[in-house]
Amino acid sequence: MIVDQTQLAAALPGYTLGDEIGAGSFGLVVAGWHRRLQRDVAIKVVSAGWRSPGQARPVAAEGRILASLDHPHIVRVYDHVESGDLHLIVMEMLAGGTLTRRTPRLGHREACAVGLAVADALSAEHDRGVLHRDIKPDNVLFDGAGLPKVVDFGIAKLIRGSAATASRVFGTPMFMAPEQFLAGRLGPYTDLYALGVMLYLLMAGHVPFEDADVGPAGTSAGPLPSRYRDRHLLGDRPPAPVGVPDAVADVIPRSLDRNPDRRPPSARAFALDLARAAAASCGPGWLAESGIPVRLADEVRAAAERPSALAGPATGTLILPPPAGAALAPDPTITYPRAARLDGDMDPELEESSTGPTAGPPAQTAPLDDADGHPPASDDLQGPRGGHPGQPDTPRRRSPQPHRRHVTAAVALLLSGAAGTALTLTLTLGRENGTRSLGRPLTDHTDWALSAVFSPDGQIMVSSSRNGEVWMWDLTDRSAAKRLGHPLTGPRDGVTSLVFSPDGRILVGSGWDGTVWLWDLTDRYAPELVGRPLTGHTGPVWSVAFSMDGRTLASGGDDKTVRLWDMTNRVAPQQLTRLTDDTGYVTSVAFSSDDRILAGAGNGKNVLLWDIADRSAPRRLERSVAGPTVAFAAAFSPDGRALATGGSDGVIRLWDLAIPDDPRPVGRPLTGHTNRIWSLAFSPDGRTLASGGFDNSVRLWNVADRSNPKPRGGPLTGHTGWVLSVRFSPDSQVLASASSDHTVWLWSLP
């Protein structure tokens, strides 16, 4: 489909248009930016001239359907525009990618959490008299906070009463119910069948009625439609998925019965059964441990949080978990709603199902990445102070603004009034990973908090923000950090990175204006600027780092250089050398503990390494650390033998640098983040690695055995914006995280 960009821009004068981010039989989806509201959007474009005659009207129907479904797990629609032969639906941008992309690394808990979210969305749809008819992993996308959302209502159907007759066959064969193949009576049970197929796939690795070695599935790829039709019409139910906890394995096949009357009576009923089964199988705190934020009906959440004795929502009697292999019968005390009646004759059948997402990047695309994996554009980070030098001001270069509605499950429940449940969830998070927040978040910054670092003695912390504020904090009582004096005098622009000299007397900050600032904190109640700002970089400076001996400072920036500075005379530091990173800008620099190796990460899959034994003539090592995607962050372990890298794919990789000229991967890649990683830090004792990223979460990893690294519990949630900095206190007992939500959090580690 070819769209006239001039016509599209004229139809949406308030938007800046970006690149195409999805396409299918429905048309295409382009990125957009609402200039007045400062909001990223996805724009679904359908041309009446391109479509078959008589199919323009359902585009408006799809927009009306979405507009009527105000639910946290359903993509939001902002506008519908008709201009000439163009029909446009403006929706929220979902930058977290598709469920298809996440499927290989989902565990049973995560799959159950996604299943509950989709079931809750279906319950809302069915109550409004809407059938989705195309539930599948490609049509479940995640926002920047990791919240799953159902998308693509292009073939949704409005129903009267509890069922409707399909006039044509629509859907994705792999996930279609028997009645869809037969053009029979459709109802809520039709969507439940597709949800059951999807959960079966997520947990067993293959769809029902197929062998485990059939091959990858999850979209519309796979055997011919006729094969799925024949298999879905044979037998009553598929066998329980192998390798899945018994209670959960018993629930899923019930939604896959050939006879719709034997499936769960509603999406709510299915959600309750799944919640109870997951609680019985996974134990206490499983929902929080999954790391998938969900917003569920109170009764469903209550069922999910009672693992051993489940109270019936109507009677309060105890319902013991069934024995292994026993089916979980629907609770007879609950009235399960069927779909609401809907008058009217609208039939928004549109087209064959698309194979791509509706409101987000393609499944294979790393979230928030451009072709070159550029960091957040400067007008994202600098606001009105201007665009990123040398980069076009388009949504393609723009990462989505952090929406404050993207909150964690606990906060969402508090806002909805379920304070008791939210408190339970918050406490569970603390128990599960052994980490708790220290006091209240620090909210003194009036713009994005970009960095937070501890002094070497651990007595103070310093934080910086996008508007140039640099605050000092007294940590005598770590649970009640106190701000010291006034902001440090310095740059008026953003201070992107902070670092203390090893003796704790000098603080260094890098700026978007290309300068590097020094402050003398010998008297912490009377800090002073030291000399003049260091200049030389021709663009924003993203990162600064001190050598362990305190004699050298490294700075990396947007001008594709790493600069080394002689700090012997701190009043007038001199540039030692300029190292060129021919792969692009540098977002992270780090020294090894023996001061022999310098690492630089940024625009490229390679993290470059230099031998700096002779700091006036560094030698670039022939072999770099190379991953599959752009790496934005790099951190050395305290012993200098390992390097951690993280980047656009949300994956952390560990590298053995015992032989610097021959770096080798060690252990398995660490997965869990759902968006790009921007900051990494090892604890001084070397046992823990912290990571922060654009999924608004902080994660901790046990790296005591680097050959077998593993998560230290679930994500630390609370931030409602990107986590841009993570740093440990010198005693490894406290972690500071800084975020675009203007806050700094302190976390106590056991």
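One-based numbering along the chain as shown.
Glycine residues also receive a Cβ, built from the backbone N, Cα and C atoms like all the rest.
Curation does not apply to TrEMBL; its annotations are automatic.
TrEMBL has this to say about the protein:
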- Lys44: ATP binding site (BINDING)
- 337-405: region 'Disordered' (REGION)
- 355-367: compositional bias 'Low complexity' (COMPBIAS)
- 442-483: repeat 'WD' (REPEAT)
- 488-521: repeat 'WD' (REPEAT)
- 534-575: repeat 'WD' (REPEAT)
- 579-620: repeat 'WD' (REPEAT)
- 635-657: repeat 'WD' (REPEAT)
- 670-703: repeat 'WD' (REPEAT)
- 716-750: repeat 'WD' (REPEAT)
As a quick check of your reading of DSSP, tell me how many residues in the repeat 'WD' (534-575) are helical, how many are strand and how many are coil. 0 helix, 21 strand, 21 coil
Just to be sure I understand, if DSSP states are collapsed into helix, strand and coil, how many residues of the repeat 'WD' (442-483) fall in each? 3 helix, 20 strand, 19 coil
Count the other Cβ atoms sitting within 10 Å of the Cβ of Lys44 (ATP binding site), across every protein chain shown. 27
Can you tell me how the residues of the repeat 'WD' (716-750) break down into helix, strand and coil by DSSP? 0 helix, 18 strand, 17 coil
Mean pLDDT for the repeat 'WD' (488-521), rounded to an integer? 92
What are the DSSP helix/strand/coil residue counts across the repeat 'WD' (488-521)? 0 helix, 17 strand, 17 coil
Which sequence positions outside the repeat 'WD' (716-750), separated from its termini by at least 6 residues, show Cβ-Cβ distances below 8 Å to it? 144-145, 293, 399, 402, 404, 406-411, 429, 433-439, 441-443, 445-454, 456-458, 461, 463, 465, 475, 478-479, 481, 497, 678-685, 687-688, 690-694, 696-700
Structural state census, the repeat 'WD' (670-703) (DSSP three-state): 0 helix, 18 strand, 16 coil
Which of the three DSSP states, helix, strand or coil, fits Lys44 (ATP binding site)? strand
Tertiary contacts of the repeat 'WD' (670-703), defined by C-beta under 8 angstroms and 6+ residue spacing from its ends, are 95-97, 102, 105, 142, 144-146, 291, 366-369, 399, 402, 406, 433, 435, 587-588, 632-639, 642, 644-654, 709-713, 715-717, 719-728, 730-732, 735, 737, 739, 741, 745, 747, 749
Secondary structure composition of the repeat 'WD' (635-657) [DSSP: H/G/I, E/B, coil]: 0 helix, 13 strand, 10 coil
With DSSP as the yardstick, break the repeat 'WD' (579-620) down into helix, strand and coil residue counts. 0 helix, 22 strand, 20 coil
